[in-house]
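*Asks:* The structure under discussion is supplied below as structure tokens; questions concerning it will follow.
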Amino acid sequence: MTNLFVRFLVGGLAMLAAIGYKNYRELSAPGKRPELDNNAYWGPELSKQNYKENKAILPYDISVNPEVIADLKSQLSRPLKLQAPLEGVGFEYGFNANELQKVVKYWRDTYLTKWGEREKYLKKLDHYQTEIQGLKIHFIHAKPSKEAIKKGKKVLPLLLLHGWPGTVREFYDFIPLLTAGSDKSNYVFEVIAPSLPGYGWSQGSSKTGFGVAQVAVVLRNLMVRLGFDKFVVQGGDWGSLIGSNVASLFPENVLGYHSNMCANNSPMGSLKLMLSFVFRSWFVDEQNAHFYKGFGGIFSFLMEEMGYAHIQASKPDTIGNALIDNPIGLASYIGEKFSTWTNPAFKTLPDGGLTKRFTYDQLLDNIMIYYVTNSITTSMRLYSESMSKAQFALAVDSLPITAKTGCTRFAYELLHVPDGVLTNKFPNLVHSTHQQDGGHFPAFELPQQLYEDFTAFVQKAEL
């Protein structure tokens with residue numbers, strides 16, 4: 001009887017081992033490139049019947065109609081009917097009403113009175129527009145300086161990608177560093193920084209199903225349109241996910257991928273992330289252990305800070321309708337992220353620490369781009385389209401990125417993923433760093449630090 005029990009036990013364990021091995025093989029197997037239409041039309045239905053893509057690359061004037069500015073000033077001049085914050089509360093409940101009053105006053109009485117100066121500043125980089133797959137796509141094109149070329153620097157095309165609630169305004173101090181070069185790097189960059197479709201001056205899709213994979217196709221086609229068959233990608237937030245999709249779907253085009261928010265959302269990546277909570281020392285070295293929140297920290301973060309993502313993924317038009325043509329609501333909704341996402345400790349401060357890293361002018365420039373282009377709703381639809389069953393079914397996350405990859409982690413980023421979790425997604429991870437400062441918007445907040453990390457990656461990768 002004992003012998004029979006041992007046989008059953010051994011047989012059962014062998015069966016479990018076989019099932020576990022089979023499931024492991026299936027989880028770890030690299031995915032296959034999904035069948036995507038690289039020429040899919042995303043414009044209005046009325047235009048499709050007679051559609052012929054206009055491939056012209058034209059300068060784009062971002063000037064704002066003075067009537068829009070006058071109307072905005074009128075709206076900001078209305079009596080504010082804000083609910084007073086609870087006693088002793090900073091930004092824990094969201095944007096503090098007392099601070100919002102200060103922002104609105106500055107916006108109305110100082111910022112708008114010098115709008116010509118701010119508009120001139122936004123025009124200091126060269127803006128262009130072209131039509132890709134039925135969408136009018138806006139982008140900044142910044143060429144390397146003549147001085148850098150004279151010094152014999154190697155020029156690399158760079159696709160530079162922002163996220164939400166950012167815009168290309170995040171890059172205004174970062175781009176000049178990239179195009180000027182430095183004595184510490186042999187490289188200089190020709191930068192293409194598009195407004196993501198549905199953001200700022202780029203047209204949003206008229207159709208459902210336009211998630212990160214489809215955006216990646218559009219932006220890859222933009223680079224090819226501009227004559228760049230090989231290029232480097234850098235991004236954070238949505239820019240990280242879209243850039244990852246570009247690198248996964250078009251390995252023939254991507255020389256290297258660098259991100260300040262590397263993630264691995266493949267099934268194997270998710271499993272390894274869960275294992276890292278239990279067997280922490282296997283994945284995280286002690287020197288950088290404070291970067292990784294563990295299960296409890298991540299759960300608390302999801303509960304406290306991700307409500308916005310849920311509503312934007314489920315009912316983007318509801319919140320969008322509430323914010324359109326509502327400058328004070330827009331400033332509150334967007335501005336709060338530049339407090340908490342820059343440093344979570346800032347939410348305990350009455351002013352949210354907004355001016356510890358940014359000026360009111362910087363923050364309002366970014367908000368103005370959403371306001372004058374009426375793009376808040378279309379920007380938030382990316383959440384809904386990217387978190388759908390159809391998008392997950394493409395399984396792009398299971399496609400390894402073969403290009404050389406660099407990942408940097410700024411101290412107060414929303415979430416950090418250790419190298420051990422990233423390996424199956426980024427088998428060619430050649431550069432991994434931890435920054436002791438900075439948050440979710442490093443190009444905006446610490447452009448020099450991001451530049452040095454990015455160029456260190458490029459130098460190390462020998463692109």
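If you go along the chain as it appears here, the first residue is 1 and each next one adds 1.
Glycine too: its Cβ is placed from the backbone N, Cα and C atoms.
Sharing the features that TrEMBL gives for it:
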- 59-171: domain 'Epoxide hydrolase N-terminal' (DOMAIN)
- Asp237: active site, nucleophile (ACT_SITE)
- Tyr383: active site, proton donor (ACT_SITE)
- His440: active site, proton acceptor (ACT_SITE)
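Where in this structure would I find these features, and how exposed are they?
*Replies:* Cβ environment of Tyr383 (active site, proton donor): Trp164, Ala309, Gln312, Ala313, Pro316 lie under 8 Å away, each six or more residues apart in the same chain.
Counting only residues at least six positions away in the same chain, the Cβ atoms of Gly236, Asp237, Met261, Lys337, Trp341, Thr342, Phe410, Tyr412, Glu413, Leu414 sit under 8 Å from the Cβ of His440 (active site, proton acceptor).
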*Asks:* Using DSSP, break the domain 'Epoxide hydrolase N-terminal' (59-171) down into helix, strand and coil residues and give each count.
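*Replies:* Residue counts in helix, strand and coil order: 46 helix, 23 strand, 44 coil.
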*Asks:* Applying a 10 Å Cβ distance cut-off over all chains shown, what neighbour count does Asp237 (active site, nucleophile) have?
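*Replies:* The Cβ of Asp237 (active site, nucleophile) has 22 Cβ neighbours within 10 Å.
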